[in-house]
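Here is what TrEMBL records for this protein:
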- 1-42: region 'Disordered' (REGION)
- 20-32: compositional bias 'Polar residues' (COMPBIAS)
- 188-222: repeat 'PPR' (REPEAT)
- 393-427: repeat 'PPR' (REPEAT)
- 495-529: repeat 'PPR' (REPEAT)
- 596-630: repeat 'PPR' (REPEAT)
- 631-666: repeat 'PPR' (REPEAT)
Amino acid sequence: MASIFSSLLPTPPPHIDPSGNRNHQQNPSLFTLSPPPEPTLKTPSIRSRLSRLCQEGQPHLARQLFDAIPRPTTVLWNTIIIGFICNNMPLEAFLFYSRLKNSSPPIKCDSYTYSSVLKACADTRELMIGKAIHCHFVRGLSYPSRIVYNSLLNMYSTCLSQMGCLNAFDFSKYDVARKVFGAMRKRDVVAWNTMVSWYVKTKRHVNAVRQFRLMMKMGIKPTVVSFVNVFPALSGIGDYKNANVLYGMLIKLGTEYANDMFAVSSAISLYAEIGCVDSARKVFDCSLEMNTEVRNTMIGVYIQNNCPLEAIDVFLQAKETEHTVLDDVTFLLALTAASHLHCLKLAKQLHACVIKTLKVLPVLIMNAVMVMYSRSGDVHSSFNVFEKMQERDIVSWNTIISAFVQNGFDEEALMLAYEMQKQKIKPDSVTVTALLSAASNLKNQNVAKQSHAYLLRQGISFEGMDSYLIDMYAKSGLIRTSELIFAKSSVNNRDQAIWNAMIVGYTRHGLTEEAFFTIRKMIEQKIMPNAVTLASILPACNLAGDIDLGKQIHGVSFRYLLAENIFVNTALVDMYSKLGAINNAESVFTSATEKNSVTYTTMILGYGQNGMGDKALSLFHSMKKSDIKPDTVTFVAVLSACSYAGLVDEGLKIFQSMEREFGIQPLIQHYCCVADMLGKAGRVVEAYEFVNQLGEDGNVLEIWGSVLGACRLHGYSELGEEVAKKLLELDSAGSLAGYQVLLSNIYAEEGSWKDVDKVRNEMREKGLQKEAGSSWINIGGKITRFVSKDQDHPQCDQIYEMLKQLTQEMKDTHHDSCLNPRGMRDISYLFGS
């Protein structure tokens, strides 16, 4: 019976799952059932037989043997109850206890009876049954033993900690666990441990530390469980000083404490939670014996603190260590770390290692493998894993659908969602989120409507769904539908995400007045804007061409403590640059405490757009010195800046360094920048040869269009005609209105009017029309946009009449100036006849 009834076991360490969340749901006091007193000499063989059957996993046979006993004693009743509990059959234990209470003649329950049933209540979180047992032993036992009170305390702390309303409960007024603890005449270390654990479970970390100190003052020697329970309290309050004190106390108590695997894991987690990863690693390295749980804890700590390389290093050490067992959790953590590294070679090696090591591949592991491949940019391997899975759960479907969406395969994601529906697998909020994201990316109105209709038919609704719908319809060009969804949502229930989605939608459609009106209403409703809000509204200032609005938003960022946010700073740099306030942009960039590649890229682009090529180049080189790796967009920005400033040789050197130094394969945008850069500098033939030697990679409208523009700029009419023919070959859709106009202008500048008429006639036959450029003016805070021959303005008749009068007045003034005796120069060519 000793193997069944252990007196006190240490609690397992706080487990760290792959997402980085600590599990505090274990029972830190973790006392188990204690053995009843030795039976009398009349029943040793019977009790031994019953115990053996329970140990062998056959409690039902033990009960059949029990039923054959004419007058079983309390000890035998307890043996069967405990046998059911140890075989994870708490319901049978409850029923058997009920039979004991109703037996005839009555059988008196002892402390071990109540302690056992209370343990079953704790295991099943049956608070109501636990309260009933509490009443039973109060009435049935004159002097309850310490073991009963320990079981009662454990039952209340375990059951109550599972209740969802604990965070809002006022424990200062009523704390049943504390009341039970106060009623105990004698308290051993188990009771103290349980109270420390109870305070941690209810997030009263200061109380937990005080309880531990009081236990020490009372002269009660702590166990390993005591430290395991109090360490989370120290991490909860970020108490680094006392963390060192208590860990030192643990070491001082001897190797039995210091090398206990549960204590080591808890200490590692403690230091990680308070941000001392180096200290956590020292605890790990000082551990004489390392089991799987300790290694898993250390790997999880590195993942939590965004150190995936170090996590992989610990995993490899564990793999190379002899007699080390790697379990499912180890591989799950390693796969998670590899996902963060985005390294396809490592992903393939780790996948091979998983296949070799694990005889059976759980669904959880296969899901993690799919995520790893997806984040490494190999969605095809991710799908291959999905196809070969013998068993799939909802997470498997969500993983592969999300992988397709994240890698730009939106149509395939929708097809998978349809296949999932055919297989009668009910979608959850993650599925729907991915579905709406795919529909948003496709920007297809029919797909958007069908996706929404699917949600309505399935009766699917989840928190935050309205923001996804608003964004989906806005991206699909149905901004008014977005407005309807926004209007239907209750004003009081609108969160930041819904307001932000509507602001982004308005900005995307150029509805600047509506965007600013929405953010004003948002602030009026006491909804605090966040970084997403400000980063979304700042582009609207560019559309409006109003720097004053931008400065107001900049002021709002200070008011709501968002001025140091990297996304807000980047958006401010972009806004000021595009509105020509390059000094303001430079000031924001310089004062930013945090910068990433996007921030640098935005500033480089701003310098380029404002003709400051030297500053753009200087910032690019300082970016490299700051160990911030440039990306593909950064190279587009710096090459564009070189093109604006005529820094051709410098631009060519940067282009050549892309693949050689940074391993970045040039894209169409980079080729276009180089062609444009060479063309603007007058090196038109060189630009032509550069594009021509690209082969199929250079057969892109935008690249040849840059060469054609250079031909017109520098008068290369014959080469321009050849480039125009190349463009016509590439224009399968017949949409080259802009390039046709460019060719027409080349002919016009040479006086080849027949060729001009020919090009114009071809455009009319194909129905091509170049989109007119527009201008805007800010009058009295209202932005007015206008184009040539505009007929949309409500007062266009009056405007054209006034222009006619002004034109006549200018002609009259011109006529008078020609008669000026001082011989003023004739400027009639500026106005035309």
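Note that Cβ sites are derived from N, Cα and C of the backbone, with glycine treated the same way.
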Spatial neighbours of the repeat 'PPR' (495-529) far in sequence, C-beta under 8 Å, 6+ residues away: 464, 466-468, 470-471, 473-475, 479, 482-483, 486, 489, 536-537, 539-541, 543-544, 549, 556, 560, 562, 783
Local confidence of the repeat 'PPR' (596-630) - pLDDT mean: 91
Composition by DSSP (helix, strand, coil) of residues within the repeat 'PPR' (188-222): 26 helix, 0 strand, 9 coil
Outside the repeat 'PPR' (631-666), six or more residues from its ends: residues with CB under 8 Å to it: 597-598, 600-602, 604-605, 607-609, 611-614, 616-617, 620, 623, 673-674, 676-678, 680-681, 683
Same-chain residue ranges lying at least 6 outside the repeat 'PPR' (596-630) that approach it to Cβ under 8 Å: 566, 569-570, 573-574, 576-578, 580, 582, 585-586, 589, 637-638, 640-647, 650, 654, 662, 664
Secondary structure composition of the repeat 'PPR' (393-427) [DSSP: H/G/I, E/B, coil]: 26 helix, 0 strand, 9 coil
Helix, strand and coil residues within the repeat 'PPR' (631-666) as assigned by DSSP: 29 helix, 0 strand, 7 coil
Counts by DSSP class (helix H/G/I, strand E/B, coil) across the repeat 'PPR' (596-630): 26 helix, 0 strand, 9 coil
Secondary structure composition of the repeat 'PPR' (495-529) [DSSP: H/G/I, E/B, coil]: 26 helix, 0 strand, 9 coil
